[in-house]
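To start, the structure itself, in structure tokens.
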Amino acid sequence: MPDSLRPLLRKPFGVLYTGIGSDAVKSLVKDLNNPTKLISVGDVTTFHLLDSNIIPDILIVDDRTKRAPASSQVVFGTKHKGFAEITVDNPPGVITEDLINVISDAIVSDKNVRIFVQGEEDLAALPAILMAPLNSVVLYGQPDEGVMLVRVTESLKAELKDLFDKILEKQDHKEQLLHNVRRKLNGY
């Protein structure tokens, strides 16, 4: 991803719950309010949710944190029985069509789904927010700060579609990818 887009991704799209590990999770629980879907992106965030008996509908992990291997405790802790397991390749700094397809399939599934990303899941929150039903919640970690809680609304989806297009325009095979992604985002 080009450096010019990085500041756009640093903008908070939700509410930051500060704290380390389970402290951040404990503070956000009161604001979950029965979401349509609960989606967790990131190993440490997911670990602390599961450790607090908060079970996401979808979790997206890559066995890494801050671009380094996650601890064995975190890796093991995100492998929760009862989840269908899907593995997808997604290189760092991009959003692949395969990742989008897997997230889309998980959102319409009636099963809990663990998406294991070989590569990097850092950008997975963006398509998750765009494809999730309204009133869903997407949680992702802000390293050394806490957990971001994003409630999915029409206005947020509209705002993020422009950013999403800018990211995809910088990738190879952009025309076909943009066409397929827009189709998915519109429910086809």
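Every residue, even glycine, has its Cβ placed from backbone N, Cα and C.
Swiss-Prot names ASP43, VAL44, GLU121, ASP144 for binding GTP. Of ASP23, ASP62, ASP162, the residue it gives for the same site is ASP62.
Fewest other C-beta atoms within 10 angstroms, among the binding-site residues ASP43, ASP62, GLU121, ASP144, are seen around ASP144. A C-beta separation below 8 Å, combined with a sequence spacing of at least six in one chain, links VAL44 (GTP binding site) to GLY21, THR65, ALA70, VAL74, GLY141. In this structure the residues listed as binding GTP are ASP43, VAL44, ASP62, GLU121, ASP144; their two most distant Cα atoms lie 18 Å apart.
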